[in-house]
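So that you can see what the record holds, here are the features copied from Swiss-Prot:
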type	residues	note
BINDING	7, 8, 9, 10, 11, 12, 13, 14, 15	ATP binding site
């Protein structure tokens, strides 16, 4: 069984998906992390200076994507992400990598290279929670349950700002908001697999909801679809 959760950055997909996976005993696929790992791998080649893969080189990026060794492993109550055996969970959450991932994700060849990798996750375990931008529309169009989680750009910027503050990192709210709006525009207007709800997805707006409310509504919907 596959449950897809799509939506823009900062809407709360990661928290919701982890809660659903834990509650239902399903595996978790964070497709955004896969694109971030691809971007990180490209940035690492640039740092090493050998066979550097540029972020505007679609086919070099696609070739790199096909060779990625990515694992999602639960550790200490969180899902840790490994690239070639190295835990890169922290590295892929930086703003530089996030921006690079959004640029990498616009290329059809890269999306095609990563499509099979993502679909293979559905073959593991009794079920899969798939977190992303096009899980319900492209990667798993026949998923039994589809959710689309959204929130206003302002609310998502507030959450990101508070998250940075909690980590002792200075953040500029206006800059964060501008970056979110720019990323939204790229994601919603790319030619291949643009960010949009599947026709048969439940729309959840988390702007005014607590995460507990979002989880409760999602679980109730899943139960209604699988009863």
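Glycine too: its Cβ is placed from the backbone N, Cα and C atoms.
Cβ atoms within 8 Å of the centroid of the Cβ atoms of 7, 8, 9, 10, 11, 12, 13, 14, 15 (the ATP site) belong to the same-chain residues 16, 149, 151, 156, 206, site residues excluded.
Summarising the environment of residue 7 (ATP binding site), the number of other Cβ atoms within 10 Å of its Cβ, over all protein chains shown, is 27. Reduced to three states, the DSSP call for residue 15 (ATP binding site) is helix. Comparing local CB density within 10 A for the binding-site residues 9, 15, the maximum falls on 9. Summary: among the binding-site residues (11, 13), the fewest other C-beta atoms within 10 A of the C-beta are counted at 11.
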